[in-house]
Amino acid sequence: MNHLKLWLLINTFFITIITTQTLLAQNQIPTTLDGPFKPVTRRFDPSLRRGSDDLPMNHPRLKKNATSNFPEQISLAISSPTSMWVSWVTGEAQIGSDVIPLDPASVASEVWYGKESGKYASRGKGNSTVYTQLYPFEGLSNYTSGIIHHVRIDGLEPETKYFYKCGDSSIPAMSEEHVFETLPLPSPNAYPHRIAIIGDLGLTSNSSTTIDHVIVNDPSMILMVGDLTYANQYLTTGGKGAPCYSCAFPDAPIRETYQPRWDGWGRFMEPLISSSPMMVIEGNHEIEPQVSGITFKSYLTRYAVPSEESGSNSNFYYSFDAGGIHFVMLGAYVDYNSTGAQYSWLKQDLNQVDRAKTPWLVAAWHPPWYNSYSSHYQEFECMRQEMEALLYQYRVDIVFSGHVHAYERMNRVYNYTLDPCGPVYITVGDGGNIEKVDVDHADEPGNCPSAGDNIPEFGGVCHINFSSGPAEGKFCWDKQPEWSAFRESSFGHGILEVVNSTYALWTWHRNQDIYKDDSHGDQIYVVRQPELCIASTLEVIS
């Protein structure tokens, strides 16, 4: 079996490389085969603003337009190659000192769907729930959500357009018709058209530009790598959000959150995620502590993920297939130690990946392991030390993260050493949130963080001095690290277009380029080399 898998992988590689070489000859886009690249920094454009205020709740893209029990905040998420989650909200959320939760059973959860507009041959039913955000402090407002519905529709055909409505037909209160297209089945020859990667989005005017730009790029699916709404930049009474919470609200008894921002974000995103599935993973801004030590309630309740389908049974980490790509979504704010449940699940999940069917292996989590900005520098070094060897062993191809509000693409790296079999790490925490873009680099004079800086909101502190290489014995480099290929402080998003089993085009789009034709901030073909990096993979399979 080992020799058969080796033959299949190498045979696929040589079949596709001829086509790809022809493609590359037609343009000048660099590939990772040309690397490692000399580090490049593009400075922040001083003609741009580093940030902008949040959109108000009465903004047309945030205010509620649905009436009574009609659906709003409609979203999609992949359940399996032949099934999809449809989620939405009905009823009125409440905020105040005394809130009474709605009865989830009072409104049914139905999805009508079919392959022709206006003709819905299939029906799906699901479940509904509400959640509360409660605070045991005088003067703080409590919140209870509208009714949140989740319906899993199955029996879907691949690469097929479906029309659907959701709601409760007995009221009647059904939504308008929406449409989505299913993704290809796992195969080395079929891939999603485009995959949008967004991090640290928020709800500012910059966020609006990001989403407008994403919509123009017409993605098949969206990877949201944490920090969705930034509802915790507010007091519970609302008002104006702050770029720095602790600066604006030093006397707050707890990290408060204004939950209606979640509702505004759901409305803001609906035009995109009601037609393209969005796969989310938690960030630190989703922690949202409340009474009795409860955390992550909004994140865990509002958006569906294939946790049971992938065997994790936890919304904090899961996996799924999209054509010939296997995605692994990891949680940085739950136990990631090698003795824990997440690590055990990850090892089992990776061991089950068939690279003959899904040649590409892509991972995502919120805080980056490789980061040359001062912000969050070495913040999740503990997680890297626990998990990096496992991901390297199974030859993960690309890793996406956010958290740092800037863009950075790494050379292939493992354990801080340039390695042709290491993943390409990419940070896209530049979605546009209220906390502004990061501009300081840890390798520049006066910008190296102290040992007491960048303490993670979960897990331990494992800050290290480098043990080898040009920065040996130092906590920070004195120049841009060799593993950092390109970095720029601008808002934007990324698009991944997998061409075949060995080549994928990565493009980072800057917000300031939205009205320019065929313009981008960074572009490269990521190239898999299974013939070079196969040895340890076969050892794992055996």
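If you go along the chain as it appears here, the first residue is 1 and each next one adds 1.
Heads up, the Cβ atoms here are built off N, Cα and C, so glycines get one too.
Look at TrEMBL and you will find 1-20 tagged as signal peptide.
Positions annotated as domain 'Purple acid phosphatase N-terminal' by TrEMBL: 71-182. Residue counts for the domain 'Purple acid phosphatase N-terminal' (71-182) under DSSP, split into helix (H, G, I), strand (E, B) and coil, are 3 helix, 60 strand, 49 coil.
Marked as domain 'Calcineurin-like phosphoesterase' by TrEMBL: 194-407.
Summarised as a single figure, the pLDDT of the domain 'Purple acid phosphatase C-terminal' (472-513) averages 97. Per TrEMBL, the feature domain 'Purple acid phosphatase C-terminal' maps to 472-513.
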Handout entry: Intrachain residues whose Cβ lies under 8 Å of the domain 'Purple acid phosphatase C-terminal' (472-513), provided they are six or more past its termini
Key = 12-13, 16-17, 19-20, 23, 29, 31, 35-37, 39-45, 48, 188-189, 191-198, 206, 209-210, 213-214, 217, 219, 323-325, 359-360, 362, 370, 372-373, 377-378, 397-398, 400, 406-411, 413, 416-418, 424, 426, 428, 430-432, 437-439, 441-443, 447-449, 451, 463-466, 519-530
